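A.B. asks: Submitted below is the structure of interest, expressed as structure tokens.
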Amino acid sequence: MSAAALLAPAPAPAGAPPAPEYYPEEDEELESAEDDERSCRGRESDEDTEDASETDLAKHDEEDFVEMKEQMYQDKLASLKRQLQQLQEGTLQEYQKRMKKLDQQYKERIRNAELFLQLETEQVERNYIKEKKAAVKEFEDKKVELKENLIAELEEKKKMIENEKLTMELTGDSMEVKPIMTRKLRRRPNDPVPIPDKRRKPAPAQLNYLLTDEQIMEDLRTLNKLKSPKRPASPSSPEHLPTTPAESPAQRFEARIEDGKLYYDKRWYHKSQAIYLESKDNQKLSCVISSVGANEIWVRKTSDSTKMRIYLGQLQRGLFVIRRRSAA
């Protein structure tokens, strides 16, 4: 039998209903639809299985994460407890490291403090020695100055006493008590015997100095010149002293003080300047001007360091003459 005969439909029997017509395209479509449905069901089943497995895996991972987190917490807690125990025992490495650093800082500060204390102590000792030397020097200077002032004061009193003695010698004759000249009459027979008159000797007059030394000396020289020639003058009177050109009353010198300086004989003199001082008795003294006041100057002798006070009036009248050492 040929293939065409095999493929041809069999003839229907008689009296049978007619067979339906057969279309091969429709069968293929039905088969493809069934295949698609079966594949779709298979895919859905696979997806459901996959979803279930993923859910189980997620749950398992979450449990593992929680367990791992708990383990990390326990490890961290145990580490902290161990570090706390080491800290209490003093064996913690970080604690020892920081303690070593603090100890170094402490020793450094102690060393700096000791150096600062030593420096301050040396500075205080130097200041103490310096102040002590200054105090000793000031004490010695004040002592010398006090001694010089006392010597000058005593010299001044000595001069006043000598001037007073000289004044008493020059004016002694005027203070003598002269007897009263009375006429004696003859006593009558009936008159009582006269009682002698007892008179007290008048006390010597007291001298009150209201003038300066140079004015007193000038008055004494004037009185000495006017005194009577019958009474011999004492050798110590100014009349027997050798006269110098400086004692001439007609010769006067210009002397004044301005701005702490002395202007004398057309020259300026200042403090601490070396001079020669010539007095009325031809004494020539080497002196140094100690100070310049308002109306007088103080000079210090270089021989014994005693001080003398010279008034402007004495310089103007020529009782003392000042010359520079270089020009003298």
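Cβ atoms are placed via backbone N, Cα and C, with glycine included.
When I checked Swiss-Prot for this same protein, it listed these features:
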- 64-171: coiled coil (COILED)
- 10-21: compositional bias 'Pro residues' (COMPBIAS)
- 23-37: compositional bias 'Acidic residues' (COMPBIAS)
- 45-54: compositional bias 'Acidic residues' (COMPBIAS)
- K69: SUMO2 cross-link (CROSSLNK)
- K178: SUMO2 cross-link (CROSSLNK)
- K201: SUMO2 cross-link (CROSSLNK)
- S2: N-acetylserine (MOD_RES)
- S32: phosphoserine (MOD_RES)
- S45: phosphoserine (MOD_RES)
- T49: phosphothreonine (MOD_RES)
- S53: phosphoserine (MOD_RES)
- S228: phosphoserine (MOD_RES)
- S234: phosphoserine (MOD_RES)
- S237: phosphoserine (MOD_RES)
- T244: phosphothreonine (MOD_RES)
- 1-64: region 'Disordered' (REGION)
- 2-170: region 'Mediates interaction with USP17L2' (REGION)
- 226-252: region 'Disordered' (REGION)
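Map these features onto the structure and tell me what's around them.
C.D. replies: In the predicted structure, the coiled coil (64-171) carries a mean pLDDT of 90.
K69 (SUMO2 cross-link): 10 other CB atoms within 10 A of its CB, across all protein chains.
Secondary structure at S32 (phosphoserine), taken from DSSP and collapsed to helix, strand or coil, is helix.
Taking the Cβ of T49 (phosphothreonine) as reference, no residue of its chain lies under 8 Å away while being at least six apart in sequence.
The DSSP secondary structure for S53 (phosphoserine) is helix.
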A.B. asks: Reported as an integer number of Å, what is the Cα distance between S53 (phosphoserine) and S32 (phosphoserine)?
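C.D. replies: It is 31 Å, counting Cα to Cα.
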A.B. asks: Please give me the CB contact count at 10 A for S53 (phosphoserine), counting all chains in the structure.
C.D. replies: 10
